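**Q** Would you mind keeping the following structure in view while I ask a few things?
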Amino acid sequence: MKPTQMSRTAQLAVLGLVGFGLPAWACTQIPDARVQQLIVACALVSVLGFFGTVYLVPKVASKTQARGICGKDLNKKGTPEGDRPVPEAVGLAPGCVFLLCVISFQLLHYYDISSLVSFVRSGFQGALRTEPIADAWLVDYNAALATIGFMLFLGFTDDVLDIRWRVKLILPLFAALPLLAAYSGGTGVAVPKPLLSLGLGLPAYLELGVLYKAFMVLLTIFCTNSINILAGVNGLEAGQTFIVACAVLLHNLLAVAGWAGATPAVRDGHLFSSYLMMPLAATTFGLLVFNWYPSRVFVGDTFTYFAGMTIAVAGILGHFSETLLLFLLPQVFNFVYSLPQLFKIVPCPRHRLPVFDPATGLLRPKDAPDWNLVNLTLQLFGRCGENALCIRVLMFQVLSCGLAFGLRYVLQGIYK
């Protein structure tokens, strides 16, 4: 059976099973019982985040639609569905639930999990044991919350005020300021072994200083805008975010388990990243319940900015930005391929969407096609329905993540 012949529920079930299944297996490979307890606790908080998102999305949708923050589905133009107003900016729901999840887990992080379980089983009798949390963890939590919350606010502002593209490009710069101010990690990079072998006198560790922080800003700008411009098809924005979040989470948990020779210092960064990726994956999947084809809500810039910034923060504070870019290969390609239109070298319409044929229900590229991955997929593989187009692009995302894992572990010890 082809994926597009499966029911909507079955498609989401397969996506969720693959996305959550591999990280769940990776968690069983972690030898440290305390760390495993923390990961399970974060997973339980994330499950609550999923149900919270499912509950909140219809509430937010009704409010945004009542305020006129809605649009028409242009990929269904000429059909009854194309005339129905669809609530926009509903990414506010998973964004708020995500922040609540991270704050809740930050509080749980103070407690000995086994002590907390015993406390609940005893009917809340006795005393809870606490474990001191390192200042570095507190700095990372607060910097991440401030940056992601700021970006969520700016994304919702964009949905309401319809900010111009040139302004959108620099919004992540302002949101990243709390992260830059609080960042206390290294500002250098390990020089690849092939370059060291050339005998150029390069140091094994190259200190970049302010250039590294400039790279951090560029990464946040890229991640937020790259998710935003690979869009226009029901389920695509949330779908790519879910796949990347699950891939990053799997990478984090394998590193925490000690695979590929990860050192204890490296594992701490991956562990913190996993505490961000679990609620991101869970809340995004809750959004997909409503945003998957046929979509009942639009995620808006609120979601794409929030999701992109969260992924960027995880890569920066987890210290695996190079690997992160491998997971984002479709977004990198789409961004580079879109540059002629983004910089007005060729005409750039407001909505770079394919053409919908109401007679057949299929999408085709424009006669003068827009320069993005969505239209290129139609050019390469032919006309198809909107659901099939989304699945094709997401399959490319899955293959890219698989390639990233292959390169990451094959080159371990050879590249760096």
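From the backbone N, Cα and C atoms, a Cβ is placed for every residue, glycine too.
TrEMBL lists 36-57, 89-111, 138-157, 169-190, 210-230, 242-262, 274-293, 305-329, 391-411 with the feature transmembrane segment.
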**Q** For the transmembrane segment (138-157), could you work out the same-chain residues 6 or more beyond its ends whose Cβ comes under 8 Å from its Cβ atoms?
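**A** For the transmembrane segment (138-157), the nonlocal Cβ contacts are 89, 91-92, 95-96, 98-99, 102-103, 106, 163, 171-172, 174-179, 181-184, 220, 224, 272, 276, 300-306, 308-310, 313, 317.
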**Q** Tally Cβ pairs under 8 Å between the transmembrane segment (89-111) and each listed stretch (169-190, 210-230, 305-329), then give the stretch with the top tally.
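**A** Ranking 169-190, 210-230, 305-329 by Cβ pairs under 8 Å to the transmembrane segment (89-111) puts 305-329 first.
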**Q** Any chance the transmembrane segment (210-230) and the transmembrane segment (242-262) are in contact, meaning at least three CB pairs closer than 8 A with a sequence separation of 6+?
**A** no
**Q** What residues in the same chain, six or more past the boundaries of the transmembrane segment (274-293), come closer than 8 Å to it by Cβ-Cβ distance?
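**A** Result: 8, 11-12, 15-16, 19-20, 23, 39, 42-43, 45-47, 49-54, 57-58, 61, 90-91, 93-95, 97-98, 101-102, 105, 144, 233-235, 237-239, 241-242, 245-246, 248-249, 252-253, 256, 299, 303, 307, 310-311, 313-314, 386-387, 390.
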